[in-house]
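Student: One structure follows; several queries about it will come next.
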Protein chains: 2
Amino acid sequence: MAALPRPSEDELIARYFAPLAGPGGLGLRDDAAILAPRPGHDLVLTVDAVVAGVHYLPDDPPASIAAKALGVNLSDLAAKGAEPRGFLLTLALADDWDEAWLAAFCTGLSETAARFGCPLLGGDTVRAAGPTLISVTALGEVPTGRMVRRFTAEPGDRLLVSGTIGDAALGLRLRRAPGWAAGLGEADRQHLADRYLHPHPRLPLAPALLAHARAAMDVSDGLAGDLAKMLRASGASAEVEIPAVPLSPAARAALAADEGLIDPILTGGDDYEILCAVAPERVEAIRDEARRAGITLTPIGRVIAGHAAPGFRDAAGTMRIFASGSFSHF
Amino acid sequence: MAALPRPSEDELIARYFAPLAGPGGLGLRDDAAILAPRPGHDLVLTVDAVVAGVHYLPDDPPASIAAKALGVNLSDLAAKGAEPRGFLLTLALADDWDEAWLAAFCTGLSETAARFGCPLLGGDTVRAAGPTLISVTALGEVPTGRMVRRFTAEPGDRLLVSGTIGDAALGLRLRRAPGWAAGLGEADRQHLADRYLHPHPRLPLAPALLAHARAAMDVSDGLAGDLAKMLRASGASAEVEIPAVPLSPAARAALAADEGLIDPILTGGDDYEILCAVAPERVEAIRDEARRAGITLTPIGRVIAGHAAPGFRDAAGTMRIFASGSFSHF
């Protein structure tokens, strides 16, 4: 593959990216795209980049890398209560890219875009002169003035989290050291590996968040760190009950074999679940609506007054503080 | 500087980026920004990245790098007839970054954003693990349905270009080899170097393009290549009179000393001027309106039927075709 002449950027666009374009993308034949929110709606904008060797492993399947690059942004839209409208892509390719990689990447991108109704609007492809980098700007919409904020949690609110926490952090360990946690069954290993490779943006939860959440964000850099971030922004603190944090059967099995894994579970990142603060009288309503959307929302603690870092109480009643808070890719 | 502990991403945001945020950016305290076009308007979206060593020289002044990263996107908005509304930034920092570089970069970004009324809406800062890369998604607005297209030029249209062509390509030669073109005066050298470092997005031209242009794009990859791109998209061809292409006094002086420089002038890129196709009966009107906005629009040729690459006629009447068309960064 590497010996063949590479297509020009125009050929790449026509062959791989134009088929992904939505109506506002004008077939990627123009320098810009067009988008307007529906009447009575705001656009919600978010941008996140992933870098080979930093946010994913260079030998991760290209379709999975694409699903992650778009998925992490869709996860942000979900947390804001937004419905996706489209995305723009910057693809900075390492010098050793080949067309097979790109074709598989675009297949994954196309599948993720189609699944979540988020077509390509525009992009730029450049030579990275270093590791591959993928930056996505995602656009969604919410009813005017209704975007769910991060910094509006209030003392007394209950804290809830979607799905399960820690799977991706354990999955990354497995990816890095396939012999790790030898006691885990094959199905558990598969589950953890898949959670690392493929974010499941919780877009079906968006309407419930819009209707009931006081504040929300997605959990991308670890539950402990992201919770601290939400509370710092809100000028509040929190208490979390560690035994209440929802874990998958696979994570429970791993934790049973090594109780020290609670740290990477709570701080490891790549969960792409939703953390939200909900007034007590709305907790049942939002959990019901989430359940109808096929997503479990689990209460894990509550917002309290103060500015201390959030406390995590273990089963023995000991309060722990995660000082560094979250994994930093930076 | 390198010996000091580096700030966390949150500290970077608070210190350097939050001061640049517009109202929809929510002080960069949330995971997403909010934007709605004014009633009766579409949003116009464009994304372009610049990479150290590919699109700029690593030792270019950081404020100039910032001005270029934002400016090349504002140039796209100008070509589409759009008024800027805001931008999102992905900053992938090389491992050897320091705070002095970042502070100067943000000063340049702030100045460019303020000058063109285009505030920061959101961003992501990551470790590049390679050369610095800056990706900007810029958003502007146009009256609904009125974005100026690239692919709508028609045979008979006149081709016009703003400002002067080729200065940046010559300026890059000077940057790479300071002893080059020793016969040029200091003011000319300064002019060319400045045109390489600092795009001047032609936003004041946007209303005239909206009112009168049939098609437009910005000239970023060389006049010859970008014209070919516009015509390919439009299903047409063109004839350009090389002596009509507007040159600065500095470029004229360089060309007088070495007539072979016409090639980099016409193909070199980084002009960030506007190329537009205008119906003959609108040419005087658009030139008048451009002049009132302080920008010269010069007729350089015309669109003709056919699918051949555009021909460039020199002073002797010989028609030239630029086969490769434009400089490719890729």
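Positions of Cβ are set from backbone N, Cα and C atoms, glycine also.
On a predicted model such as this, the values are computed, not experimentally measured, just so you know.
Sharing the feature lines straight out of TrEMBL:
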type    : residues                               : note
BINDING : A:Asp31, A:Asp76, A:Asp218             : Mg(2+) 3 binding site
BINDING : A:Asp31, A:Thr46, A:Asp76              : Mg(2+) 4 binding site
BINDING : A:Asp48, A:Asp76                       : Mg(2+) 2 binding site
BINDING : A:Asp48, A:Asp124                      : Mg(2+) 1 binding site
BINDING : A:His55, A:Asp270, A:Phe327            : substrate binding site
BINDING : A:Gly123, A:Asp124, A:Arg150, A:Ser220 : ATP binding site
BINDING : A:Asp221                               : Mg(2+) 5 binding site
DOMAIN  : A:30-142                               : domain 'PurM-like N-terminal'
DOMAIN  : A:154-307                              : domain 'PurM-like C-terminal'
Student: With a 10 Å radius around each C-beta, find which of these binding-site residues (A:His55, A:Arg150) has the fewest other C-beta atoms nearby.
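Tutor: Relative to the other binding-site residues in A:His55, A:Arg150, A:His55 has the fewest Cβ atoms within 10 Å.
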Student: Below 8 Å between Cβ atoms and chain B: which of A:Asp76, A:Arg150, A:Asp270 make it? I'm asking about the binding-site residues.
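Tutor: The answer, in sequence order, is A:Asp76, A:Arg150.
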Student: Do you know which of the binding-site residues A:Asp31, A:Asp76, A:Asp124, A:Asp218, A:Asp221 has the most other C-beta atoms within 10 angstroms of its C-beta?
Tutor: A:Asp218
Student: Going by Cα-Cα distance, pick out whichever of the binding-site residues A:Asp31, A:His55, A:Asp218, A:Asp270 is nearest to A:Arg150 (ATP binding site).
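Tutor: Going through A:Asp31, A:His55, A:Asp218, A:Asp270 one by one, the closest to A:Arg150 (ATP binding site) is A:Asp218.
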Student: Using a 10 angstroms cut-off on Cβ to Cβ distances, just flag whichever of A:Thr46, A:Ser220 is the loneliest among these binding-site residues.
Tutor: A:Ser220
Student: In angstrom units, rounded to an integer, how far apart are the Cα atoms of A:Ser220 (ATP binding site) and A:Asp270 (substrate binding site)?
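Tutor: A:Asp270 (substrate binding site) has its Cα 5 Å from the Cα of A:Ser220 (ATP binding site).
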Student: Fewest other CB within 10 angstroms, which one of the binding-site residues A:Asp48, A:Asp270?
Tutor: A:Asp270
Student: Distance between A:Asp76 (Mg(2+) 3 binding site) and A:Asp221 (Mg(2+) 5 binding site) at the Cα atoms, whole Å?
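Tutor: Cα of A:Asp76 (Mg(2+) 3 binding site) to Cα of A:Asp221 (Mg(2+) 5 binding site) measures 12 Å after rounding.
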Student: Which binding-site residues from the set A:Asp31, A:Asp48, A:His55, A:Asp218, A:Asp221, A:Asp270 come within 10 angstroms of A:Gly123 (ATP binding site), judged by C-alpha positions?
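Tutor: Of everything listed, what lies within 10 Å of A:Gly123 (ATP binding site) (Cα to Cα) is A:Asp31.
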